[in-house]
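Undergrad: The substrate binding site annotation in TrEMBL covers S8, H64, G140, F141, G142, G143, D173, G174, G175, G195, S196. For H31, D33, H64, D173, the entry in TrEMBL reads divalent metal cation binding site. The active site, proton acceptor annotation in TrEMBL covers D33. Per TrEMBL, the feature active site, proton donor maps to D173.
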Amino acid sequence: MGIQIAPSILSADFANLERDILAVSDADWLHVDVMDGHFVPNLTLGLPVVERLAQVSPLPLDVHLMIDDPDRWAPRYAEIGATSVTFHLEAAADPRTIAADLRSMGARASCAIKPGTPVEDVLPLLDTLDMVLVMTVEPGFGGQAFMADMMPKLRTLRAAAEAAGRDLWLQADGGVARDTIQTVVEAGGDVLVAGSAIYGAADRGAEIGALRALGEAVHHR
Ligand SMILES: O=C(CO)[C@@H](O)[C@H](O)COP(=O)(O)O
C-alpha cells in the first residue's frame, strides 16, 4: 500500500467548497471534519452538507467525526456515502458496535485518539478497525503546530498491526506539512491529512505532489 494524501477541507473556502474540492483532485482521499461545538470547541458542517460533498467529490470521502454520541451518528455518514468514518474513542459508548455497524454498511471503520489518550486504550479494538487516527494536534482547529511526541503511538500501532498480520491504515492529522511528513511516515503513518499546508499553497496540486514524493521517499511497506 502506498501513502495516501488527504487534504482537509477545514482549510478550504466554505463559500466555495465544490471549487476547492476539485482543486485537490490529485490527492487520494478527501478529509472532511465534522465538529459539533461540544466535543470540540468549533462547529463546522453536518450530514446534509457531507451528503452533497460525497456527490461532487471525485475522491473518496474520509469523514472525521469530532462529535458527541458517535454511536448514533457514525452509521449515518456511512449511509450517505462516506468511504471512511472516524469516530473518537473518547466520545464512544460502544466502539465495537460502531465499528461493526460501519463495516456492515461497507465503510472503513476508523477510531481516533486525542493527544492525551494513551495508545493502549485503542489496542484492544484493532481487530474491529480498518484505520486508527492519531491526532497530532488538539482537535478543533487547523494551522496548529505538529506534536512530534505522538510518534511513539504510531510506532506502537504499526508494530501491533504487523504482529497481528493486519494491513491497518494509520492516519496522522494536524500539522502535517513538508517539514513533518517524513517523521510521520517513518513512524508508520500512511494516511496523511494536511489542511493548511495544501490549501495555503498557491499551487495545491503541486503541494500534494511534493508531500507525496517526500512521504514515498521514506515509506518502506
Ligand atoms: O481535524 C483537524 C483539526 O481538528 C484537522 O483535519 C485539521 O484540518 C488539520 O489542519 P492542519 O493542521 O493540517 O492545518
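Cβ atoms here come from the backbone N, Cα and C positions, even for glycine.
Note that this is a predicted model, so its numbers are computed, not measured.
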Undergrad: Report, in whole Å, the straight Cα-to-Cα distance of D33 (divalent metal cation binding site) from G140 (substrate binding site).
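TA: That separation, Cα to Cα, works out to 9 Å.
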Undergrad: For the binding-site residues S8, S196, work out the Cβ neighbour count at 10 Å and name the residue with the minimum.
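TA: Looking at the binding-site residues S8, S196, the Cβ with the fewest others within 10 Å is that of S196.
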Undergrad: Would you identify which of the binding-site residues D33, D173 has the most other C-beta atoms lying within 10 angstroms of its C-beta?
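TA: It comes out as D173.
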Undergrad: Where G142 (substrate binding site) and H64 (divalent metal cation binding site) are concerned, what is their Cα separation in Å, rounded?
TA: 13
Undergrad: Would you mind sorting out which of S8, G175, S196 (the binding-site residues) have a C-alpha within 10 A of the one on H31 (divalent metal cation binding site)?
TA: S8
Undergrad: Counting across all protein chains present, how many other Cβ atoms fall within 10 Å of the Cβ of G142 (substrate binding site)?
TA: 22
Undergrad: I want to verify one value. Collapsing DSSP to three states, which class is S196 (substrate binding site)?
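TA: DSSP assigns S196 (substrate binding site) to helix.
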Undergrad: For the divalent metal cation site given as H31, D33, H64, D173, which other residues of the same chain have their Cβ within 8 Å of the site's Cβ centre?
TA: A6, S8, L10, V32, D62, V63, M66, T86, L133, V193, G195
